[in-house]
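What Swiss-Prot records for this protein:
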- 28-48: transmembrane segment (TRANSMEM)
- 50-70: transmembrane segment (TRANSMEM)
- 100-120: transmembrane segment (TRANSMEM)
- 122-142: transmembrane segment (TRANSMEM)
- 149-169: transmembrane segment (TRANSMEM)
- 176-196: transmembrane segment (TRANSMEM)
- 218-238: transmembrane segment (TRANSMEM)
- 243-263: transmembrane segment (TRANSMEM)
- 282-302: transmembrane segment (TRANSMEM)
Amino acid sequence: MASTSTSTQPSGWRHTASQYAALTKPRVTQLAVFCAVIGMFLATPGMVPWPVLIGGAVGIWLFAGAAFAINCLVERKIDAMMRRTAWRPSASGELGARQILLFSLVLGGAGMWTLHVFANDLTMWLTFATFIGYAIIYTLLLKPATPQNIVIGGLSGAMPPALGWAAVANSVPAEAWILVLIIFTWTPPHFWALALYRRADYAKSGLPMLPITHGEKFTLLHILLYTLIMVAATILPFVHGMSGYLYLAVALVLGFGFLVHAWRMYRNYSDALAQKTFRYSIVYLSLLFAALLIDHYFKFGPQGAAL
């Protein structure tokens, strides 16, 4: 009996740990931290100091996890209605409200301390403001109130490059805000593609998502329009002198691919196309920022002295 108890205990701990980890929405957090790290490298012509790189990334990850945990806490009843999110420990009841709140407070507190020690106070307070923007303003106020929630609230999700930049430079210049603008304009077509092929789920939730309140064709038109705006925004790093021809070529090719996805959906919508567009949007952003990083260090073509 003793051996059986010993052998099953670790799996119990692993399960609990995985439940808490799920609250942080790991895939979304990874993309946010990736964009923050790119912002760190773009803020300096040389190497980012290791303490700042690691400490800044960890601090931003902790804050992001705290914000997503609060989101799961606030939306636990809504998540329970939706097939896509019903498995979350907050929705299933495997973790209670007090546990989730305490977990979020611990992550947020640890994030503040980490950024204060390894980065700077500007980064700490900007990240805290981003936390408030997502966990409170977006989740509590905007998301249940307006179908434009993802547009207005998208700023908090677009902040990671500026946070990374601030961690290295202790400032947030125009170059950092260009990166924020790219993600800000990327967010609506990315999210609305998901909302389209998951609209049955969102209809159950009662949240005023654009496909529910304004219909499929209206949403598809807005995806197409925002994709055009996003492609224009991605050219700004080249225009501003942050990048060279390699980035410009990658941005144009990737942007053309995004436009093709958006146009195909608009002309002949299917859930399969929406799902492909959603997945492409994640690859798109990752490759776009990777191209920025490569061009930053290898100098493919004329770059200004913006830094």
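Don't overthink the numbers, they just go from 1 along the chain as shown.
Glycine is no exception: its Cβ is also placed from the backbone N, Cα and C atoms.
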Margin query: Using Cβ distances below 8 Å and needing 3 or more such pairs, separated by at least 6 in sequence, tell me whether the transmembrane segment (149-169) contacts the transmembrane segment (243-263).
Written below: no
Next item on the list: Report, as numbers and ranges, every residue of the chain located at least six residues beyond the transmembrane segment (282-302) whose Cβ falls under 8 Å of a Cβ in that stretch; write 'none' if there are none.
Entry: 31, 34-35, 38, 41-42, 161, 179, 182-183, 186, 190, 234, 237, 241-248, 250-251, 254, 257-258
Checklist line | Contacting positions for the transmembrane segment (218-238) when only residues 6+ beyond its ends and CB under 8 Å are counted | finding: 175, 178-179, 181-182, 184-186, 188-189, 192-193, 195-196, 210-211, 244-245, 247-248, 251-252, 254-256, 258-259, 262-263, 265-266, 269, 277, 288, 292
Note to self: Six or more residues beyond either end and a Cβ under 8 Å away: which residues meet both conditions relative to the transmembrane segment (100-120)?
What the structure shows: 20, 23-24, 51-52, 54-56, 58-63, 65-67, 69-70, 72-73, 90, 127-128, 131, 135, 166-167, 170
Note to self: For the transmembrane segment (28-48), give me same-chain residues lying six or more residues beyond its boundaries with a C-beta closer than 8 angstroms to one of its C-beta atoms, as numbers and ranges.
What the structure shows: 56-57, 60-61, 64-65, 68, 157, 160-165, 167-169, 175-176, 179, 183, 242, 282, 285-286, 289-290, 292-293, 296-297, 307
Check: Near the transmembrane segment (243-263), which residues from the same chain, at least 6 beyond its ends, have a CB less than 8 A from one of its CBs?
Finding: 189, 220, 223-224, 227-228, 230-231, 234-235, 237, 273, 276-277, 280-281, 284, 287-288, 291-292, 294-296, 298-303
